[in-house]
Amino acid sequence: MSQVILDLQLACEDNSGLPEESQFQKWLDAVIPQFQEESEVTIRVVDEAESHELNLTYRGKDKPTNVLSFPFEAPPGIELPLLGDLIICRQVVEQEAKEQQKPLDAHWAHMVIHGSLHLLGYDHIEDEEAEEMESLETEIMLALGYEDPYIAEKE
């Protein structure tokens, strides 16, 4: 049986109202076991200041962002189940859900799924890659009972 070990770090000034650890686990379990047997993922939920700093340092973007993915790269010849880290900014996720008129839990689910696919090597820089990644995201979201996260863009 596939197993995803979650290390959840809540690093917000106010952690109330965040999804439960079991929800984060459910979202990871919907993605990662399709691709590998055993994995360990850290999800760190942060405030805008930490997201902004990391986004500037690692992507050269001077603003906070919804999710950052940091895949773990083991040294050659060493196999470890560590998949990587997801850094999710609470305020950006909440603001985007409001602006896009999406249920908040659906947007949290989408950010975990989106970030997990990045950890697994998927990207959306090229159109063809974006289509494949968005298709997988939609398939997983629908399987979890959520709407297509890209429905507004398709209309």
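Here the Cβ of each residue, glycine as well, is placed from N, Cα and C on the backbone.
Per Swiss-Prot, the features are as follows:
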BINDING   H114, H118, H124  Zn(2+) binding site
Rank the binding-site residues H114, H124 by the number of other Cβ atoms within 10 Å of each Cβ and report the first-ranked residue.
H114
Additional residues around Zn(2+), ordered along the sequence, whose Cβ is within 8 Å of the centroid of H114, H118, H124
V67, S69, G115, L117, Y122, D123, M133, E137
Secondary structure at H118 (Zn(2+) binding site) (DSSP, helix/strand/coil)?
helix
Hey, what's the Cβ neighbour count for H118 (Zn(2+) binding site) at 10 Å?
18
